[in-house]
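Below is one structure, written out as structure tokens; the observations come after it.
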2 protein chains.
Amino acid sequence: MTADDRIRTVGEQAALARIIARLTPADAAVVGPGDDSAVLAAGGQTAITTDTMFEGGDFRLDWSTFADLGTKCVTTNLTDVAAMGARPTALVIALGVLADTTVEQLEQFADAASAALAKQAPGVGVVGGDLSVSPTTTIAVTALGDLEGRSPVLRSGARPGDAIVVCGELGLAGEGLRLLLEGTPPDDLRRTHPREMQAHLAPIAPVAAGAQLARLGATSMLDVSDGLVLDGFRVARASAVRLDFDRAALDSYDAPLESVLYGGEDHALLATVPADAVERVLSELGSDARVVGSVEAGEPQVTTGGQPLEERGWDPFTR
Amino acid sequence: MTADDRIRTVGEQAALARIIARLTPADAAVVGPGDDSAVLAAGGQTAITTDTMFEGGDFRLDWSTFADLGTKCVTTNLTDVAAMGARPTALVIALGVLADTTVEQLEQFADAASAALAKQAPGVGVVGGDLSVSPTTTIAVTALGDLEGRSPVLRSGARPGDAIVVCGELGLAGEGLRLLLEGTPPDDLRRTHPREMQAHLAPIAPVAAGAQLARLGATSMLDVSDGLVLDGFRVARASAVRLDFDRAALDSYDAPLESVLYGGEDHALLATVPADAVERVLSELGSDARVVGSVEAGEPQVTTGGQPLEERGWDPFTR
């Protein structure tokens, strides 16, 4: 086989075999890919999430490489598991690709997915997969996590007096998208704005912080995917509290305030923690974590310095 | 909202909420849909499988209704879990649909998926989902199962002297596809050939038989999805044995021999069981199960009455 092999000529089975060989095995896998199902070792309660990316609505192949997509699909799913306070254990990935996709592109996807797993969740592997030809490039991922005996951290547990902690970057991914939409060629932007491009095209998130925050007593947590304000409203409503952000803290991020508040796909973790846990959270999580505000009693809303913020954010259906 | 609401106008969130309300909750769900991840109760080892159906390669919207697709995506995934000897516990479903898909179509999908679960795996529910607009209708499902302390039943455990048992129908789905490809309108075929149409478009399989066969000592098992012969070769190779089918048993199915041997998407369970377990298997599984041959020592191949069968079957990439 050569680097120019395409699915059309190689066939699904042969291509899939070559990809699976490049994917990290999961520590938890008792039976890996190749039978009707994979089998994972028994653990505690299982967190499970699924997320699908479609060409057009979720990514553009003139912006994203297959390596970018391999990274991004892993990160978006790992952070949803982490946001429950779980330790990720395994992924399954179903790919739909054009018939003239090269096996090399699929290998780049697999290598990037493996590298993203090694960086964010060592020991986690891809235990199952599916490869089909489709007129629309599609990446469907399901991720599992082990709660290791802890209760899941829901959106509904924030209490007045808690501190709001964000772990990860805010606004960079939104800036990346904004720059791409302005029309500068992606390759130029990768040179001039590498952090924004990585944040949007191939994000890496502090996944292990999810289980750490749970162990440290986080009362609520979610993955910031639709913008800090819109996701803040979700916590505010579910917990029946007001989230008040500190303007100086928001200004400390490396992106304009508009993107920090309303940019999408940050994949940072937004958690609330009891006031007496803040010091330990900051010392254990290091520079990834910042206190960005406090939980207040009152009508469910999101404010900064007490001033209401407009409820809007990232909605792919209104673009 | 009315029956004519479309995703384009209603929006993803509202449409998703209406679908989730129609889906059966899972007995195993500690946290259902609505947070970053769902959470399942702790169990034994977890079987996990994923399968995606794309419009064009896997189904045609001029043949299949959304209700058909709801049934089919549930059955194809449940049988992969069952084929490991596991009891299914939960599904996640990610849908990509055209923007002018009606909410009513999605509700028909959800109702059919719930009915298929109730029929084949009571207590199993949909714990997570994702709804996006895509130019290609896409259904990505991941299913989980609990091995309940048993070892997984692999393809590699068949031993000379075992009996070959098939649980479920053979050939009907292949006949259904053949009839559709001949060009008769699907609505006519639904009247004239209801069993073939159901087997191809909206299959129902003996899912509970997977765990039963495992309890009764099945030495190998798989889900017949690519045709009896092609899947038989998989068991023969993995177990290093010859599978010999009994011609009279194959003739007992309600489809021409060609479809029984080479038709795809049967979703029957093909298991090997020790000779001394056959009587109990047949008495416990009833008329769903038939003994169709025996496992013999020798080079990995598939024969009928000792005569080699050609290794071919269902490969969507060569159509």
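Our numbering is plain: 1 for the first residue shown, then up by one each step along the chain.
Any Cβ shown, glycine's included, is placed from N, Cα and C.
The Cβ of A:D223 (Mg(2+) 3 binding site) lies under 8 Å from the Cβ of A:T79, A:D80, A:A82, A:A83, A:D231, A:H267, A:A268, A:L269, A:L270, each of which sits 6+ residues away along the same chain. Summarising the annotation, TrEMBL assigns Mg(2+) 3 binding site to A:D36, A:D80, A:D223.
Taken from TrEMBL, the feature Mg(2+) 4 binding site covers A:D36, A:T49, A:D80. Around the Cβ of A:T49 (Mg(2+) 4 binding site), a 10 Å sphere holds 30 further Cβ atoms from the protein chains shown.
As annotated by TrEMBL, Mg(2+) 1 binding site applies to A:T50, A:D51, A:D130. Listed in sequence order, the residues of the same chain lying 6 or more apart from A:D51 (Mg(2+) 1 binding site) and placing their CB within less than 8 Å of its CB are A:C73, A:T76, A:N77, A:D80, A:A140, A:V141. The DSSP secondary structure for A:D51 (Mg(2+) 1 binding site) is strand.
Residues or ranges marked as Mg(2+) 2 binding site by TrEMBL: A:D51, A:D80.
The secondary structure of A:E265 (substrate binding site), as reduced to three states from DSSP, is coil rather than helix or strand. Sequence annotations record features per position, and here TrEMBL assigns substrate binding site to A:D58, A:E265, A:W314.
The DSSP secondary structure for A:G129 (ATP binding site) is strand. Residues or ranges marked as ATP binding site in TrEMBL: A:G129, A:D130, A:R155, A:S225.
Summarising the annotation, TrEMBL assigns Mg(2+) 5 binding site to A:D226.
The compositional bias 'Basic and acidic residues' annotation in TrEMBL covers A:309-319.
What TrEMBL lists as domain 'PurM-like N-terminal' is A:34-145.
Here TrEMBL flags A:295-319 as region 'Disordered'.
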Residues from the binding-site residues A:D36, A:T49, A:G129, A:S225, A:D226 that lie close to chain B, Cβ under 8 Å, in sequence order: A:D36, A:T49, A:G129
For A:D58 (substrate binding site): DSSP state (helix, strand, coil): coil
In whole Å, how far does the CA atom of A:D58 (substrate binding site) lie from that of A:S225 (ATP binding site)? 13
I'd like to know which of the binding-site residues A:T50, A:S225 has the most other Cβ atoms within 10 Å of its Cβ. A:T50
Which one of these binding-site residues has the most other Cβ atoms within 10 Å of its own Cβ: A:D36, A:R155? A:D36
Spatial separation of A:G129 (ATP binding site) from A:D36 (Mg(2+) 3 binding site) - C-alpha basis, Å: 11
Helix, strand and coil totals (DSSP H, G, I; E, B; other) for the domain 'PurM-like N-terminal' (A:34-145): 35 helix, 44 strand, 33 coil
